[in-house]
Amino acid sequence: MVESQFHSTTICAVEKDGKFAMAGDGQVTMGESVVMKGTAKKVRRIYNDEVVVGFAGSVADAFTLEEKFEGKLNEYNGNLTRAAVELAQEWRTQQSMQKLEAMLIVMNKEEMLLVSGTGEVITPDDGILAIGSGGNFALSAARAMKNFGDKEMPAKEIAKNALNIAADICVFTNHNIIVEEL
């Protein structure tokens, strides 16, 4: 039996030298074995191009959360932290939202946050966040490059290279990578 859920991806966000970059792959997988699309755009700019959001998980759920997050950004005049906290609280307390299976990374030119359905809003200690099926691979690769690699490598290249490494390892991640930088 094939599940009707569409999911799996890898998103990686990196801050270095005051620059923020987020990379995501384009693979949409149905169930555990069927690649339905290889060119999905799961990293995008919102709020007058001032905020970048990346999502992993069930595609329909992720779109719902992205839309709700953008609504919160508008409601709180672009205050990223406030919008993220309000979304997380709503996600946790509204019964209709509790079943949503997705995670978000959101960032502007000042900060990045991970927003989860369990109510967490997490700021990274080291300027790196990664989510999705290949998230741990991308996180490890990005940390290695940022901490031990070429000191001149910018955030954009670290995020992209981390996604490429994750795509080499994770069957739910492909090499069709989109990168957004602030």
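Placement of Cβ uses the backbone N, Cα and C atoms for every residue, glycine included.
Annotated features, as they stand in Swiss-Prot:
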{"type": "ACT_SITE", "residues": "Thr9", "note": "active site"}
{"type": "BINDING", "residues": "Ala167, Cys170, Thr173", "note": "Na(+) binding site"}
Just to verify a number: CA distance, Cys170 (Na(+) binding site) to Thr9 (active site), in angstrom, no decimals.
9
With every protein chain in view, how many other Cβ atoms are within 10 Å of the Cβ of Cys170 (Na(+) binding site)?
22
Taking the Cα atoms as reference points, how far is Ala167 (Na(+) binding site) from the residue listed as 'active site' in Å?
9
Would you mind checking how many other C-beta atoms are within 10 angstroms of the C-beta on Thr173 (Na(+) binding site)?
30
Near Thr9 (active site), which residues of its own chain have a C-beta under 8 A away, given they sit six or more steps off in sequence?
Gly24, Asp25, Gln27, Val28, Ala40, Lys42, Phe55, Ala56, Gly57, Gly132, Ser133, Gly134, Phe172, Thr173
Determine which residues of the same chain, besides Ala167, Cys170, Thr173, have their CB within 8 A of the center of the CB atoms at the recorded Na(+) site, and list them by sequence.
Thr10, Asp25, Gln27, Ser133, Gly134, Phe137, Leu163, Ala166, Asp168, Ile169, Val171, Phe172, Asn174, His175
